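Taken from Swiss-Prot as is:
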- GLY89, LYS90, SER91, GLY92, SER93, GLY94, LYS95, THR96: ATP binding site (BINDING)
- 53-284: domain 'ABC transporter' (DOMAIN)
Amino acid sequence: MVLKTKENKKFDIYLKSSDFAVSKKASKLIKKLNKKHPKRKSLNSFEAKKYDIYFKEVCKAVTNGINNQLICNHINLKILPGEFVVILGKSGSGKTSLLSLISALDRPTSGDSFVCGTNTICCSDAKLTALRNKNVGYIFQQYGLLRDLDVDDNIKLALPLKKRFNNNLEELLERLELKEHRHKKVHKLSGGQQQRVAIARALIKEPKILFGDEPTGAVNIDISKKILQFFVEYNRDKGTTIVIVTHNEKIVELAKRVIKIHDGKIIVDYLNQNPKTIEQINWV
């Protein structure tokens, strides 16, 4: 979908100019779409505080300097504390763009977008960073570990210096079967062990929400099942909100809530009344 804006009309003039002028104008349009909005009172701020994520009519637009395109299209979404949510979509469906918004990695172009009670559309970059550091944990398909540091030090990197001694560390090492590897350099670990280190790093600060972007995409089925089992148990035991973004329809069967996205729109959103266990799912 293309948004027709005043900027688009003005841009026609620049198409007859030099390439430099076009590039300069395009840069300004991109900055305008991604800048923070002035503080404004939202009619939904009181209701939003009940949710970890509260989105109402949220849009995200990108530009090539000539046309603006919606990559997230009027998203309405409410996620309560403690939910286990799977967002399902094919490549190019907009699921990663949505993840960037609901995890406060990016600001929307319009709408009300509350993450842990904060309206992210009004936040400066510094405030978005503070919001993420306090409330959000991430697990990506690429682990982002420092290969020459050991397991302990990689995990502790997620903590402020004054909190490097953390009681949560021992529990995570135990639950993720990493205790015997804690002093090994991570480049000496298997792929599955490295993934578990990344999970521990995301959870060491005890975030309110854990986001996983294709968290099992780079490991085999056996390791995937162990990782997913950990998510299920952690959600049950700690009450941490977990949101997994994936193209794998098998993972949907574990979720308490399933959201499907296509062309930047939520097309399905339902509660799974009978989520399956790892053993009940046919992984073949």
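Yeah, the Cβs are placed from backbone N, Cα and C, and that goes for glycine too.
Here the features listed in Swiss-Prot are painted onto the structure.
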residue	record	Cβ contacts under 8 Å, 6 or more apart
GLY89	ATP binding site	LYS95, VAL245, HIS247, LYS260, ILE261, HIS262
LYS90	ATP binding site	HIS247, HIS262
SER91	ATP binding site	HIS247
GLY92	ATP binding site	none
SER93	ATP binding site	ILE261, HIS262, ASP263, GLY264
GLY94	ATP binding site	ILE71, CYS72, ASN73, ILE261, HIS262, ASP263, GLY264, LYS265
THR96	ATP binding site	ASP213, VAL245
For LYS95 (ATP binding site): DSSP state (helix, strand, coil):
helix
Give me the count of other Cβ atoms within 10 A of the Cβ belonging to LYS95 (ATP binding site).
24
For ATP, residues beyond GLY89, LYS90, SER91, GLY92, SER93, GLY94, LYS95, THR96 with C-beta within 8 angstroms of the site's Cβ centre include exactly HIS247, ILE261, HIS262
Mean pLDDT for the domain 'ABC transporter' (53-284), rounded to an integer?
92
